[in-house]
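Structure first, then comments.
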Amino acid sequence: MAASASASLRHHLLLLRRRPRFPLNPSPAFRACSLPRRYQRLFASAPSSSTVEDGYPPSLVEPSDGASVVDVNPPRGTRDFPPEDMRLRTWLFDQFREVSRVMAFEEVDFPVLESEALFIRKAGEEITQQLYNFEDKGGRRVVLRPEITPSLARLVIKQGKSVSLPLKWFTIGQCWRYERMTRGRRREHYQWNMDIFGMPKVRAESELLQAIILLFERLGITSSDVGIRVSSRKVLQAVLNMYSIPEHLFTEVCVIVDKLGKLTRDEIEKELITTGLSSEAVQGIIEVLSLKSLPKLEEVLGSNVEAVADLKKLFSFAEQYGYADWICFDASVVRGLAYYTGIVFEAFDREGKLRAICGGGRYDRLLSTFGSEDMPACGFGFGDAVIVELLKEKGLLPDLSRQIDDIVFPLDEELEGPASSVASSLRRKGRSVDLVEDKRLKWVFKHAERINAGRLILVGKSEWERGMVRVKILSTREEFEVKAGELQ
């Protein structure tokens with residue numbers, strides 16, 4: 001009886017720990033009233049302690065019988081992938097890889113654990129405040145990568161002149177950021193990156209944009225569902241030049257104006273003024289970044305400005321590629337990472353229910369921040385979380401139920417050996433086979449339905465003595481015998 005009560009108490013404590021609504025060090029009275037009456041006596045007599053874990057005394061978190069109460073949920077902001085979720089993830093990654101293949105990109109990979117120095121930049125970027133960083137046992141400062149581009153740049157530098165340009169690489173990797181969670185935003189996510197090194201012209205950006213649009217089209221998403229906002233960091237640079245704003249303020253201003261849409265205009269203006277900009281310059285920046293028309297931008301900056309020429313060329317390419325209806329000019333797009341230098345872009349859902357689906361741009365001066373010679377480069381990151389939310393919203397998630405080719409089932413215990421031989425032969429021929437034993441035939445039929453098996457192969461005594469097995473096609477209920485060695 002005592003053991004049963006102890007197990008039940010541990011179960012109830014686990015439920016309470018999953019709902020952390022209590023003070024960090026609650027009073028005995030609070031602890032008692034928060035539990036069923038049958039446990040209040042136990043709490044009332046629990047020893048006090050200066051060490052409290054999740055608001056509960058250690059003796060209750062780890063019972064005296066040595067059995068620990070383990071929260072079976074993954075850490076906050078992370079995910080498990082049971083089979084049905086893993087099938088969806090694998091399907092999505094297959095779409096990433098297929099688009100990369102038709103775009104003639106090669107796959108690369110890097111460790112998820114990187115040197116902290118790769119990601120520490122003095123630019124006021126939000127990402128530097130969201131690092132999972134620590135010192136390893138060798139005294140080295142390391143980080144779970146929050147993004148992939150610096151790892152890619154590190155590998156490019158490491159490869160040196162052994163590779164021919166342009167490089168067209170892609171990767172699918174996990175990223176970690178300790179940030180506030182919202183719909184489509186977690187503390188870990190997988191990200192598809194495509195990057196081009198050694199191509200200085202706008203052709204590189206136009207290729208990357210086609211890759212993104214090819215993916216959308218493969219997923220059943222149309223230009224009425226999603227758009228891609230395009231601008232250039234050079235637009236903002238041109239505005240700063242108009243007001244003689246020092247070069248060293250450029251990155252800081254980019255980080256601030258990237259918050260447009262997240263903060264009010266007044267808040268953005270106040271942050272810009274704190275950098276030392278005049279009110280006139282702040283108003284000029286806000287007005288230009290409010291433009292949604294490329295001809296109007298040309299009127300303000302002039303046709304000889306590099307930003308205008310780059311954007312006009314990109315929109316011309318868009319017509320030739322056939323995706324002009326997907327993209328639109330929006331001067332407010334600057335992207336929050338400090339290393340962008342030219343054209344930038346981000347995909348959005350037209351209903352405005354979700355955060356950015358993906359984003360990227362040109363970063364021609366990233367390599368020099370790591371002590372190497374700069375190289376023209378651009379790329380994008382495309383996370384797995386927001387696109388899945390969009391597919392759910394549009395009813396476009398595929399049916400990814402489990403599917404097995406064959407179930408092999410021996411009807412008698414002494415036929416387990418022959419059944420193993422049949423299953424092994426089919427597997428060598430590339431068929432997926434579930435070998436089932438010690439079950440009733442009724443259970444086997446239900447199991448076949450659950451896993452969408454194509455065939456049921458019964459190994460019976462009389463059939464096996466003649467070198468035969470019985471095959472049942474489950475979709476048509478057709479049954480026939482076939483020689484075991486001729487099974488395909």
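Placed from the backbone N, Cα and C atoms, the Cβ positions cover glycine too.
As recorded in TrEMBL:
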type	residues	note
BINDING	E147, I148, T149, R177, Q191, D195, R335, Y339, Y340	L-histidine binding site
DOMAIN	76-398	domain 'Aminoacyl-transfer RNA synthetases class-II family profile'
- If you measure every Cα to Cα pair among E147, I148, T149, R177, Q191, D195, R335, Y339, Y340, the residues listed for L-histidine, what is the largest value in Å? 21
- Task: Using all protein chains in view, find how many other C-beta atoms are within 10 Å of the C-beta of Y340 (L-histidine binding site).
- Result: 25
- How many other Cβ atoms are found within 10 Å of the Cβ atom of R335 (L-histidine binding site), counting all protein chains shown? 20
